[in-house]
Structure formats: C-alpha cells, structure tokens
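If you look up TrEMBL, you'll see 49-59 marked as compositional bias 'Acidic residues'. What TrEMBL lists as domain 'Yip1' is 101-273. Sequence annotations record features per position, and here TrEMBL assigns region 'Disordered' to 29-61. Per TrEMBL, transmembrane segment is recorded for 120-141, 161-185, 197-222, 228-250, 257-281.
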Amino acid sequence: MATADDLKFQEFDDAANLLAANPDATTISIDEPVEIPKNQHSRLQEPGREEDDELLGTDDSDKTELLAGQKKSAPFWTFEYYQTFFDVDTYQVLDRIKGSVFPVPGKNFVRLYIRSNPDLYGPFWICATLVFTIAVSGNLSNFFIHLGKPTYHYVPEFRKVSIAATTIYAYAWLVPLALWGFLMWRNTKVMNIVSYSFLEIVCVYGYSLFIYIPTAILWIIPQKVVRWVLVVFSLCLSGSVLVMTFWPAVRDDNRRIAVATVATILLLHALLAVGCLAYFFDAPELDIPAPIIPAHNGTTVITKSH
C-alpha cells in the first residue's frame, strides 16, 4: 500500500526547496502564457521579410487597411460614405505633400503616408490649384513675351482654364483607373503582385502633381532653357514617387511586363508635363496681319511688319 510520501509530487517539493533556498527565484505558472521577447521574435522572422513588408506595404499595414475598411461601412449612396474620403486634417495633408516633394529613397509612399487613411481632399485641391496656376501663368507668360510690341493686343484666354481642368482631372482619374485595373488583372496571373486600392492610387497620383504648382509659376520666366530644366527637375521628383510606389508591386511579375509598366507610368507623367509646357507656355506666335494705311492719292500702302 502506498504511503503518504509516495503520493506527493516530487516537482512541488523541489520548487518548495528552491524557494526556501532562494526567495527571489523566478517561477512560471502553468496558467500564464510564456511571452517571447520581441528581439527573439524578430530573429525568428525570415531574413529580408521586413524589407519586403516595408516596400510592399504588407504586414501591419494590411491590418490597418482592414480596420480602415471596416470604418467605411456606410452605404455608398449616403453622405457619410463619401465624408470618410475627406476625413483628414491639415497636418496629414502637409505631411503627404512634403513626402511627395521630398521622397525618401527606398520608401513606399503608400505605406508611409496613405494606407492608414487615404483621402481625396488633398488630390482634389491640388488638381484644382494646378489648373488655375497653369491657366493664369500661361496667360501671364504670353503677355510678358509680347509686351512692348505695338501690334499686340492682349486678350485673356479663359478657355485655357477649361482645357487645363479637362487635362489635369482626366489624367488624375483615368490613369489611376487604368493602372488599378491592370494590377488587378495581373494579380490573377501572379500571386505575389500587390494590388493597391483605387483610392490609394488616386491619392498617390494627386499628391505627386503638387510639385508642378510651383513649377508652373516659374514657367512664367521667358527662357526656354530655364523652363526645360524645371520640367526635368519636377519629373525626377514626382516620377521617383511613382516608381518607388509601384515598382515593388510589379517587380515579381514578368521582367518585361514590370519594366514596361513602370516605363508607361513615367511616359504618361512626362507627357502631361511636356504637353502643358508646350501648349500653355511655348505656343507658336500667331502671325499678325500688317495694317493697311490708305494713301492720299487713292492708292493703298501695305506696310510690312516683322
């Protein structure tokens, strides 16, 4: 028959002896979960995974995006649904503008600034400001070029406002729509491709156009060399934002398709800048007909103007 000592658990006796010898000893309860130190958890991650998450905007940003999507649960026909797209403060808008003007090498603009709360407030007003800046600066440039010529009569061209608005807003909406559809289509072909939401792509394109606002003001300077230097400088800044945002999303695709996608993005971005410069600022001068001066003997004299 087993005695009372045989029914005791040896582990409990060892723990009691340990506590008696060293009261400061650490014990672990079975009911308490064992926490893994953060530094040890980071060592368990695969090498390079953190960098991929940083570029592609996965990991914690996906959880943030999911929570953001849960906030926008109102029906799309209600005012509350669209109100969430403009729910940003001044500091967020200024921070995103600074991020588009001073891009950080190797950093994803969507992950750093957009994914937590994409908005339409900044892109809408940036495009509106750019429209009026290009139209007004184009008229002023035309005025300064012909200033002092006796045969020139300045007439404001208000149609440039509508042309600029159509061009800027069509680019800021149709190009992101086409790119979003392309990424969704390639996502069905290649599993590793990251598809941004349409709102995120519109947000990136809208903020990338901010650099053209001060550039359009400086285009008033009637020097073609200065204007083209400004175009190249603006393209390098805004184009780098687009490349660092969309290249990580397509780099796992076919190499030719990935390079062609990024090249098309840059080409359309360059066409917008060059087209605005050529149409609104470098338009060819119109030939002004020479005035006809009647002579006293009944004949007319046509003076030649240069």
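In case you wondered, yes, glycine gets a Cβ from its N, Cα and C as well.
Note that the structure is predicted; figures quoted are calculated from it, not measured.
The average per-residue pLDDT of the prediction over the domain 'Yip1' (101-273) is 89, rounded to a whole number. Counting same-chain residues at least six beyond the ends of the transmembrane segment (197-222), those with a Cβ under 8 angstroms from any Cβ of the stretch are 65, 85, 96-97, 99-101, 109-110, 113-115, 118-120, 122-124, 126-127, 129-130, 133-134, 137-138, 140-141, 144-145, 168, 171-173, 175-177, 179-180, 230-231, 233-234, 237-238, 241-242, 245, 269, 273, 276-277, 280-281.
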